[in-house]
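What follows is a short report on a single structure.
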C-alpha cells in the first residue's frame with residue numbers, strides 16, 4: 001500500500017513567531033501519529049528556523065519548500081537552487097503550482113525541467129497539475145492533466161515519475177472554499193494513474209497522487225477513503241496546527257494496512 005503524504009503549503013505567510021508557534025503546535029499534535037508522512041513548506045527565509053524546530057521536535061515532520069531554480073549556482077538573482085534547499089534539510093519541493101504557472105508564466109516545459117533537475121539532485125518533486133474552472137466546465141480536465149504530465153514523460157521518460165509526488169489541484173478549488181467532490185477527485189486521480197499505467201504499470205502503482213483544493217479537517221476523510229487519493233497538498237488549513245494535524249491523522253487512519 002502507498003504511504004500517504006500530507007503536505008502544507010504555507011505560501012506567502014509567516015513570521016518568526018508564527019513559524020515557531022505553528023511548528024511547536026504540530027510537534028505536539030503529531031505525537032504518536034504513524035502511517036503518514038507530514039511535510040511543511042514554509043517561505044524560503046524561514047527554512048533555517050523550521051529545520052531547527054523540526055529537529056527539536058523529534059523529526060515528526062519533513063521539511064519542504066515552495067520552489068526551485070533549474071541551476072545550482074550562478075547569476076540568477078532571487079532564485080533558490082536544489083543544492084541550497086538540501087543544505088537546509090528540505091527534501092520535498094513544490095513545482096508547477098498554478099500560482100507559479102499564472103503569476104510567473106511558467107510553462108509545462110519549464111516545470112518539467114524543474115522536475116528533472118530536482119530528481120537529478122536527489123530531491124522529491126511535488127508536481128502540481130490541474131485545470132481552470134473554464135476547462136473543467138468544458139470537460140477538459142483529463143486532457144489538461146495529461147498534457148501537464150506528458151511534458152515530463154515525453155522529455156524524461158515515465159521512469160522519471162518514480163519516487164515523485166503528483167498533486168492534482170483543480171485551480172478553481174484553490175483557496176476558494178469550493179472543492180471537488182471525493183468521487184470527482186477519485187475519477188481524475190484514477191485517470192492520472194491510468195495514463196501512467198499505460199506506459200509503465202509499476203511506476204503507476206507506486207506514484208503518490210495527492211488531492212489539493214480547499215481540503216479541511218471536515219472533508220479530509222472523504223478524500224482519503226478513495227483508493228487513488230494518497231494524501232493532500234493543503235493550503236490555508238495548514239496554517240492551523242490542530243486542523244492540519246487532524247488532516248494528517250485522517251490520512252493515517254484511512255490508509256491503515
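The count begins at 1 with the first shown residue.
Cβ atoms here come from the backbone N, Cα and C positions, even for glycine.
Bear in mind that the values here come from a model prediction, so they are computed numbers and not experimental data.
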| request: From the candidates 57, 58, 163, 175, give the one listed by Swiss-Prot for the same substrate site as 9, 10, 11, 214, 235, 236. | output: 175
| remark: Looking at the recorded positions 11, 97, the one with the fewest other Cβ atoms inside 10 Å is 11
| message | Quick check for the class: what is the C-alpha distance, in angstrom and rounded, between residue 214 (substrate binding site) and residue 169 (active site, proton acceptor)? | response | 9
| residue 9 (substrate binding site) has how many other Cβ neighbours within 10 Å of its own Cβ? | 27
| task | Fill in the CA-CA distance, residue 9 (substrate binding site) to residue 97 (active site, electrophile), as an integer in Å. | result | 10
